[in-house]
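Asker: I am attaching a structure below and will ask some questions about it afterwards.
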């Protein structure tokens, strides 16, 4: 989010939207920092005061400070709303029409959740978040997954601004393009998934809670991966000016999904240890930490291609863009496989996960090599993409 200040710091023609973005960005920092100062302490206190080894929900809630817990839940909700508005304001610097496109989605997402919070605060379902103790591992994984994807999409927004504001002399765009809209929607939807993972809907029935996590949150998180892959592919097509990249990605995706389908159709065996599952999932997140930077460079290159044309983009730079796309999609597929394949395969080291990890390492190493090569041989290409002045 703070990277959004870099491109607008050089421009004074987008003053109104810049002021709005700056205000909500500062408000985001306040709403996120204050609860974090005592949220961890409150969690430790609640866990220590609960004498029930199984962590029964009602006893745990009775021992906790209800008022502070309610404050934390409200802070999470308020922070989520402000983050959504901040993302919309950042996109509105490109074109104010993006703000009008985002607001109905924000209201459609947050209004039902606000009703749930207001309704649950008046009955015994208020502490439904505590009832998900048996699903905490899944909630944490899906929160981390949606958080990483949202960060990548959020980084893509200021990256788009770099070339856009440079080419138009800090003027707003007159067009509304699909990749920008999808990137903004990815941020909004990702923030929603982070919200429902942090404060899931209250439910007394165990089966309802399991379906909410293992169906709604699970497939919604996978939808985020699909959105990022679609945006990246559209951006690469614009840069490379050829649908050959689409055919190549389609064939690669078909092959990977075929292997994934084969794994999923295999008879499920006994699950491995929960700690092993958590370790494998955390490692997958470490690999994906490389991808927000790739997505940011990809979207900045896309904005440069749209604004200035593709004539000044060298073949070496285009080759690097292609490998960035392959690396990003490979990491997205691995994040999906880490959860699904390990969940259905009780082996300690599923061979398919090992193969996907090796492919990731190879593609990332090759991408880094290409970036270094461009920096040494064609530094002007990088300057044309990222330097405003």
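These residue numbers are counts, starting from 1, taken along the chain as shown.
Quick reminder: no glycine exception, Cβ is built from N, Cα and C everywhere.
Whatever TrEMBL says is automated annotation, not expert-curated.
Per TrEMBL, the features are:
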- 20-39: transmembrane segment (TRANSMEM)
- 72-93: transmembrane segment (TRANSMEM)
- 99-115: transmembrane segment (TRANSMEM)
- 182-203: transmembrane segment (TRANSMEM)
- 215-237: transmembrane segment (TRANSMEM)
- 243-261: transmembrane segment (TRANSMEM)
- 285-304: transmembrane segment (TRANSMEM)
- 316-337: transmembrane segment (TRANSMEM)
- 358-377: transmembrane segment (TRANSMEM)
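Tell me what's around each of these sites.
Answerer: Within the same chain, residues 17, 77, 80-81, 84-85, 87-89, 91-92, 176, 181, 184-185, 188-189, 192, 195-196 sit at least 6 positions outside the transmembrane segment (99-115) and bring their C-beta atoms closer than 8 Å to a C-beta of that stretch.
Here the transmembrane segment (182-203) has Cβ contacts under 8 Å with residues 73, 76-77, 80, 83-84, 87-88, 91, 98, 101-102, 105-106, 109, 113, 116-117, 120, 125-129, 131-132, 139-140, 142-143, 146-147, 149-150, 153-154, 156-157, 160, 209, 212-213, 216-217, 220-221, 223-224, 227-228, 230-231, 234, 299 of the same chain, all six or more residues outside its ends.
Sequence-distant neighbours of the transmembrane segment (215-237) (same chain, 6+ residues past either end, Cβ-Cβ under 8 Å): 138-139, 142, 145-146, 149-150, 152-153, 156, 178-179, 182-183, 185-186, 189-190, 192-193, 196-197, 200, 243, 245-246, 249, 295, 298-299, 301-302, 321-322, 324-325, 328-329, 332, 335-336, 339.
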Asker: For the transmembrane segment (358-377), could you work out the same-chain residues 6 or more beyond its ends whose Cβ comes under 8 Å from its Cβ atoms?
Answerer: 287, 290, 294, 316-317, 319-320, 323-324, 326-327, 330-331, 334
